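Undergrad: Input: one structure, supplied below.
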Amino acid sequence: MSFKISSSKRTLVSPQPQVSCPPDPDIPPNFTYQPRDHRTKERNHLGRRALIIVENQYTKTGKGIHNVLDALRIDSKVETIGNNLPMLTHGEKGKFAVIIFENYSTYLTMDSWNRQLLDKYCKNYNVGIIAFIQPKRDDVFLENLNDFPLTVEYNIPLVNYKLNIYSTIWRMSKPGRLYEGELAGNWAVFHFNHATYQPLSYSYLKSSLNQDPSANPADSKPKRLVPAIHDTGQLDGIQRILFGGGLEFWMHHMMFVDSLSYLSHGKLSITLDRYIQVDIDDIFVGKEGVRVKVEDVMAMLSSQKYLQTVMEGFHFNLGFSGRFYLHGNAEEDAGDKKLLEYRHHFWWFGHMFKHEQAHSLDVRNVELSMTLNKQFAQDNAIPVDQHYAVAPHHSGVYPVHEELYDAWRKIWDIKVTSTEEYPFLYPFWGRRGFVHRGIMVLPRQTCGLFTHTVFVTDYKDGLQGLEENFKGGELFLTVLYSPFNIFMTHMNNYGNDRVALFTFEGMVKFLQCWTNLRLISVPPVQLGINYFNMFPEEKDPLWQNPCDYKRHIAIWSANKSCERLPRFLVVGPQKTGTTALYTFLSMHPAVVSNYDSATTFEEVQFFNGNNYYKGIDWYMEFFPVPQNSTGTYLFEKSATYFDHEIVPQRVSSLLPRAKIICILIDPAKRAYSWYQHQRAHKDPVALNYSFNAVLMADERMPRQVRDLRNRCLDPGMYAQHLMHWLDYFPARQLFIIDGEQLRNNPIHVMHKLQQFIHIQPYFDYSQHLRFDPQKGFFCQVMNDNRNKCLGRGKGRMYDAMDETSATFLRHFYRKHNANLSKLLNKLNFPVPSWLQDALADDN
Ligand SMILES: Nc1ncnc2c1ncn2[C@@H]1O[C@H](COP(=O)(O)OS(=O)(=O)O)[C@@H](OP(=O)(O)O)[C@H]1O
């Protein structure tokens, strides 16, 4: 907190938010509007996805649209005009619930093949189009839109704006109000003469604002213009919503959200519920001169009362550090006492006694600081029963400092927290939640007020800037797009000019005026439960490498090193020779594997299964701190990674630059080897059922038999699994080893692999590996007379596969092998000889 205190900046009377909400003068008396529910059964045939067609991938409008969809958690595909359209259907379903054009003229001038395809899709699946009109020139001109009885007039300066109260698309937007003022930029307006068109909004020519009605009484009412229009589809069966201006105008954001909902038959609707929590951190921490005084506390209470009329049960949520109690001047100390006098009127959360950053402390000191603060709460009868906490500067929440989570649970019984840092601070609409060790971590939103926003003049553009923030600015849009809003403010924002009270009262008034959003307040634990009920897919964290982000390193413990992470992974699949490769790699003096696990031996198996939830500290414990960070090549081999759906994304998130090594053998052989592996491990299913019986297992067979069949067959669908890795890694980071070659000529394979990873120094395996006739495999040379081979579990002796199973597997893998060959050719990767043979047999 290094702000300068200048009490001369103080506004004499704390500003009050002025939110005028004039009614549209043209609405009928007693007009009311119920937000529409757009859901029809048509939505069941549509994916929850939008197709955005852009002129090129860098345009601002295109990016803006994409960001809005991201904020709404609506999946979208961005396609550049000129390319062929992506597949629009998947089986019976339409993949996209809405088509969006950043520029309507690209739709009108699309080549006829693509246009016909798209129009047919829209008609068949009843999918609508949203488009923005972009002028080609700067002057005022009229243009008839090809094919349609619609004329657009470009570059018109407008004033005032209101929604058409008769339109049925309004859900989030509240019609019946008049926005007064000039609209920035030049607009396109629509002229039409057909019943298919319904105006969505009205505006007026800028020059009409100052017209003197007495000059021309007949013309006294300024002419309404139509800057947004709904084509109801009467002409060609396709509904379209066209905007004559872009998303720079705040109202268009609400209208855009409603258009998505309406045109997708509710598939892309989002809830109208908006949870609001306002945290006030730094209670008692503020510096002398800018802390709250008695009258500020009273203002907080009366503001809270007002906010409760809109959000039942709303309480400011106060985070305190007891060490700084009564550390102001006399007036401020009286303020501190007043806060405690009214303690039962607020929610409280305790954190560190001295407001320390947890990541810089060891577990003993984290606990000590929390214990002192808890003692302070007890001594002063502060009701700290919300099971909620935040960490100063987000320290320790994300990237996770396990010591903080330990202490939170132990000292405060914390169940929910919030941060701006997961996965990243920016983009702000991309913040998400996760659950770690039973603690719900919720995304926190920015409201524009920081520790240093003490006076109105501290805010960018002063009072006007503060107002704009909630009058259609960033704060307004944040609430519009995010069903859950936890705002962090600081004690200083409540004293002095009381900028926080100004902001939240203004925000609530503005939202009530213009939207149908339901503002809700619930205690933090309930908030967390509701959050993950709405977004259950977010419960699972996705860990990143803390050293990849400046802000994350700054709040990560100095005792931890990102060098304890592997540079390459051997991902499997199982039974392809992964143990042999692991052993050969470990012979290299510069290559270091993980320590053994007590349960899974040489495999850590972090990225699949439950180990992932133990966090990255747990994972890093498996690796030594490399003595020489560039000259040591840490790696990990877990053969279960290859075919596990969730793994590629998790790996690319934590280890984006890692090299990925996999080994492929004939999938039929692999399946049989797995079956034999299970028999050797006395798996009752493998012992009681022949290989052929397992392969033939259908729905009538016990689940365990079908499970074994799947474990035999699924990993061998190589192309499908590789494609999944390629969704997250560029092909240049992937190295595919021919497992037959690894078995018959490991020296060559190790040579190639060293080249690929650029391992220095080069290790000459011809001096260290040799064929062992007794084992029937290559083994490590110990001395002239002795080899060290893999144990009896690798390179087992078993009967040859029966003919029926071999024939079945040949057929089963035919398509998968053909796909693999195509994929390898496309990537310019060598095609293993076993694959060439298998494909030749099939022909
Ligand atoms: N040098 C050497 N020594 C021993 N075994 C070798 C070697 N090279 C490849 N192989 C083949 O590796 C197969 C076992 O594969 P994995 O190590 O990947 O199995 S596991 O998934 O870890 O259980 C194993 O399968 P089985 O023959 O079915 O036992 C071997 O064929």
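Each Cβ is built from the backbone N, Cα and C atoms, and glycine gets one as well.
Pulled the feature table from TrEMBL, pasting it below:
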ACT_SITE  LYS575  active site, for sulfotransferase activity
BINDING   SER673, LYS794, GLY795, ARG796, MET797, TYR798  3'-phosphoadenylyl sulfate binding site
COMPBIAS  1-19  compositional bias 'Polar residues'
DISULFID  CYS779-CYS789  disulfide bond
DOMAIN    273-476  domain 'Heparan sulphate-N-deacetylase deacetylase'
DOMAIN    566-816  domain 'Sulfotransferase'
REGION    1-40  region 'Disordered'
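So where do these features actually land, and what's packed around them?
TA: A simple way to gauge crowding: the CB of LYS575 (active site, for sulfotransferase activity) has 24 other CB atoms within 10 angstroms, across all the protein chains here.
Cβ-based neighbour count (10 Å, all protein chains) for GLY795 (3'-phosphoadenylyl sulfate binding site) stands at 17.
Applying an 8 A CB threshold to same-chain residues 6+ apart, the list for CYS789 (disulfide bond) reads ASP772, LYS775, PHE777, CYS779, GLN780, GLY795.
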Undergrad: List the Cα distance (Å, whole number) between ARG796 (3'-phosphoadenylyl sulfate binding site) and LYS575 (active site, for sulfotransferase activity).
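TA: So the alpha carbons of ARG796 (3'-phosphoadenylyl sulfate binding site) and LYS575 (active site, for sulfotransferase activity) sit roughly 11 Å from each other.
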Undergrad: Determine which residues of this chain, when SER673, LYS794, GLY795, ARG796, MET797, TYR798 are set aside, have a Cβ within 8 Å of the centroid of the 3'-phosphoadenylyl sulfate site's Cβ atoms, and list them as they appear in the sequence.
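TA: Not counting the recorded site residues, we get GLN676, GLY793.
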Undergrad: Which of these binding-site residues (SER673, LYS794, MET797, TYR798) have a C-beta closer than 6 Å to some atom of ligand 1?
TA: SER673, LYS794
Undergrad: Select the most exposed residue of LYS794, ARG796, where exposure means the fewest other Cβ atoms within 10 Å, treating these as the binding-site residues.
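TA: Candidates: the binding-site residues LYS794, ARG796. Fewest Cβ atoms within 10 Å: ARG796.
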Undergrad: Inside 10 Å of the Cβ of SER673 (3'-phosphoadenylyl sulfate binding site), count up the other Cβ atoms and send me the figure.
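TA: Result for SER673 (3'-phosphoadenylyl sulfate binding site): 21 neighbouring Cβ atoms inside 10 Å.
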Undergrad: For a quick check of understanding: among the recorded positions CYS779, MET797, which residue's Cβ has the most other Cβ atoms within 10 Å?
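TA: That would be CYS779, with the most Cβ atoms nearby.
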Undergrad: MET797 (3'-phosphoadenylyl sulfate binding site) to LYS575 (active site, for sulfotransferase activity): how many Å between their Cα atoms?
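TA: With the alpha carbons as reference points, the distance is 14 Å.
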